[in-house]
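> Annotations for this protein, taken from TrEMBL, read as follows:
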type     : residues  : note
COMPBIAS : B:1-12    : compositional bias 'Polar residues'
REGION   : B:1-45    : region 'Disordered'
TRANSMEM : B:118-139 : transmembrane segment
TRANSMEM : B:167-188 : transmembrane segment
TRANSMEM : B:218-236 : transmembrane segment
TRANSMEM : B:279-302 : transmembrane segment
TRANSMEM : B:314-336 : transmembrane segment
TRANSMEM : B:366-390 : transmembrane segment
TRANSMEM : B:402-425 : transmembrane segment
TRANSMEM : B:489-519 : transmembrane segment
TRANSMEM : B:540-564 : transmembrane segment
TRANSMEM : B:570-591 : transmembrane segment
DOMAIN   : B:706-764 : domain 'CBS'
């Protein structure tokens, strides 16, 4: 069985029900069978004996499935390309039913659809903003309680001695909270682990990652991220917002939920891959927008990751969703902060305003910025390599949920211990000014009226720490504090990313970068005579943060805009761009970006923007899968059932051919039909009884259901040309024909994804069933 | 003759040499003929008797051509679709020669190409920045001299009486300067008229507008824009920067200039439509970036107007060009302003910083903003309708260059007179503060220490006026001044756009909007009790400016980002977005955007993003051109010459078919060859002598030169599907075949562009030769 051979390893767990119920088999828009086509009599006689072996996707519920077949160990190799992932079909299946539906629709109908799209995007933005708001408030409240308890405890024991009890309290508190987060992730929805950005990237690229846009995933994600941030891990709550937005978008736009097993019977027109993808883009953008207060950055993120075909109206709708999302977040946060109606607040992370003359930059600082970009690229590459090894280790040895939970708890305890130790041994006391911005100033061993500076970095949510590093007065941190903090936080963050908790890597990266960036700024101010004038440490903290983040994630355009929007100052656009470019160039020399590493480790058939440069000597003939299982236009049910049940083929699309009657010429291509469509046809028995009573001899006419005009290419077409067609149109199957229009092969995503440029020219990945 | 029938009406002038020398016939990259294919003996015997009638494009120089055949009157109708425009081919012509070249290239070769692309983009940015800098400095100097002369004259005559002499001086000065600008545009390069944005939009959409990216166009454009701004017209210098950037990009990337008749033999690989388009996108972005100090806005502009297929690397290069452009401009302007190295200056137009609490906005202001957006939409629609009528009038009656020059001079004189009158009759005197920002304060009839407030709006370059409206203290303008100014400037700007001068509509739009926006702000402050606190008039001026500009040009995403970057404050992102959306929705209800109106009036086959919504009932069979002239793979030279010379067909691409020898089956499609390729083949006599001495009987083998794998669609394909394929891949010809792979038709741009959604559903435009 094709389906049985599929194992999902993204979440180290077998699950194949992926898009169950999300497919839109017969025509793109709706799943209702065409009852008029059902045989009016004798239908019940026509039982398909062997149909049960076809294992209809829709009949497996995810919960049954997720309990069985957990593999002991999954072989992982980035030179493999997994065959288990299905592809999304961004090309409408234009069969007769579809065209009839579309033609029936009036101009007004299309106008209404367009308005619905706007409404849905508005809803997506609103809900995403609400979720961001919820996460923000809950994290702030819970973290506040936690830090208050620990602070009081520390203050108590600072005087009487026995601070190890405080340490224990802190570590246990953290571990307990993180345990909760890890349990729901590891046991209930492993796909909710991490930031979710690699998964959304894959989804937007056109790969069906099972259960990635489910309601259950969202709930676990939100709960998980609250636990990880409150649990004091070196994580941020921003990355998961992107995933959350995407889930919201998928849920709202489809008008049904697989997790709730509810179908609200609305927006049925949008139940096709192409519409859903567009909405998920909008959701991801809304997520970015809510997380960073960066609506334009959100749009660019979605486009950078997802769009293959830029469409003005779509972009505008995405923008609308982003806008509403930021607006909603601002509005509700302004009420929460008792300043209702003041909408100038940015997103979840607020870098604060960079204003005034001290933050202007000069020409001679540009080389410094570029050098910092290079450092960021180097440190980012180091981070990624370490995390790559760690991930390999985790895939091999830490794939059982209870182990995963234990690892998460260990990390939480270690984080608390390290933080405590750093604070304990730090003697960087700073005076507590009248307008100090510290939320939980720890006096510890400092004199009265002073606070421990190391604690502002460690004893705080990471967002606040970033803001302190950007905006605290020069002299707030001494260089040793910053150096030690960078070093420890770097390794903590690296260890943390990839744990079975919902958490993002944006904020830890920014924090590491801000710390060493501020260090650079302080050092510059020290070594130059009039340094204090131009070397504002906050400015260098910002540049360092950009460099470090760029070095780790390697985003460019969208990240620049996100940073600019989050700082609220376009003046820094140019240096941030330069820094990000440098970081990317330097980092790419060593290793890929963090998200790409994780995508590659999953052996996902990810399509890049263009075919490898040196692939012109390959033609469709060489890359295509062949021979192809073709179906006749009027086909025996038995043959169809056999084809679908055949374990050796894993095809999801079948070319339909027609033979000229009375001629001995080979059959010609006349259409394309999907596995999912055939299964629905079989389920609804859309065939008439013919010749014999044996149902396997029934004939089925596929004419009405097949896509009569599939895209084709001649077999001499070069790979770049095939790639361009496939990528630009978001195809799933591309039929290769000879000059007589006979089917000679089929090109699918994996055929294109397996060629890539390695160090030694064009390399080919192996295909693997796992 | 196909070529002779073409008449250019964009610039009201016949010119067909369009892309002469820019075509890349044999393989995309280079024009060298394959000498190895030339017959080694007897070649000279084979003269093509009638070849001269083919009228090879390359042999007509633009100067000869531009002097003849000026039509008396050109019929214009936006329901027509002109057949005279050729399409760009963004699909590489993958013939054998091309593939051999590509296959010969090593991985290092591709790396070098990639680096060259970056270098070219850097150069584009640098040169565009320099041009912007040049324009800025020259305009500032010349305008300074002009206003100084006029000011001194006015001051002189204010005391002794006889201000009509001052008026005369002002009007004559303006007219003379504008005359110069109009003469170079009208007589030397009519395509340089206007902002150039519609032309660049068309180019990026895939339409070959003759001479739009020539060096001569650039020189005239730069000279023209300096004259129009210095001449005091209601124009801006920002729009033309976009065109200038595009010309720079085309010139630099192609390594040759048709105007100079020089070929620098560099970047020959980039001499193909697809590479050139990418660079022109980068140039346009660099232009926006230099004009508004908005690198991200520039990228978005290029993508909004040009990109059909979003490519991450391309986007990043475009971003690089934009960045370098802003940087160059900033750097040189900082030197010019004696603050070398201070790079925080934005672009040509600088809205100044919006900072402080007074400019924060509140929830209850959002409805006000939206209302202002609606006003902007209404006023924009009015502007567009008036300008549409005016343009129709101009096309009918003012198409002779000398008339055009006279009209421009008239407008200049009227502008000066109106300005003078307004200033003269205004009695809005304001005290001249110690830190006044007025460059040329006119005292006129005001008391000593005061200046005439109306003069700050009229007696100034428009950029300065915008900035004053945004940032001057509340109370600087009285409402009557603003109202009168709005009214007069609205009509002046409307009259000015479309004159035969190089000029942009961005700044006049902003200025009109800023004036009535500030008026709104003042009125709000008056009618509310504590109004002075929240109704900062500068804020409302900004919102008004956005609304008016949005109402006129109807750009959305890119314009939002441009405005945000130009104000240097992301806080305004949300209100600006809302305002632009409202303005677009309201404006679209009445009439299209200004650029689209002008594009439509040229009957350009402009492809929108998607096929009209209700076009599913149309199939390729209905939209295609048929019958198609096909060539055999081995074809008689005589037939080819006849085909090319046939005046009744205007095809630029011919399907190549092959007949199975010995069978009576109809021929099958085997490739596609372009007219331009055939012409080069004929010029270089790439055929062998065969059978008879009569050269018309020579046979030519097209196998090596034709694109062997053209994209095809079956004739049942629905229009939206054809459209999507055509648009996403930037095709020029799409062959329609039957199920036996026989050619039944050809779909080109005009076949798709002629369907559009009107008020009463799907409408079809008529095709016209003019």
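Using N, Cα and C of the backbone, Cβ positions are placed for all residues, glycine too.
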> For the transmembrane segment (B:218-236), give me same-chain residues lying six or more residues beyond its boundaries with a C-beta closer than 8 angstroms to one of its C-beta atoms, as numbers and ranges.
131, 134-135, 138-139, 142-143, 146, 170, 174-178, 180-182, 184-185, 188-189, 192-193, 196, 243-244, 247-248, 251, 349, 408, 411-412, 415-416, 419, 461-463, 489, 492-493, 496-497, 499, 501-508, 510-511
> So, by DSSP, how many helix, strand and coil residues make up the domain 'CBS' (B:706-764)?
16 helix, 24 strand, 19 coil
> Does the structure show the transmembrane segment (B:366-390) and the transmembrane segment (B:540-564) touching, where I'm treating 3 or more Cβ pairs under 8 angstroms (sequence separation 6 or more) as a contact?
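Answer yes, regions in contact.
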> Are the transmembrane segment (B:279-302) and the transmembrane segment (B:540-564) near each other by the rule of at least 3 C-beta pairs under 8 angstroms (pairs 6 or more apart)?
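When sequence-distant Cβ pairs are counted, the transmembrane segment (B:279-302) touches the transmembrane segment (B:540-564), since at least 3 lie under 8 Å.
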> Against which stretches of its own chain does the transmembrane segment (B:570-591) lie, if we need a Cβ under 8 Å and a gap of at least six residues from its ends?
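Here the qualifying positions are 354, 359-361, 365-366, 369-370, 372-374, 376-378, 380-381, 384-385, 388, 542-543, 546-548, 550-552, 554-556, 559-560, 563-564, 597.
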> Using Cβ atoms and a strict cutoff of less than 8 Å, what residues sit near the transmembrane segment (B:314-336) while being 6 or more residues removed from its termini?
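Those are 117-118, 121-122, 124-126, 128-130, 132-133, 136-137, 245, 249, 278, 281-283, 285-290, 293-296, 298-299, 302-303, 307, 342-348, in sequence order.
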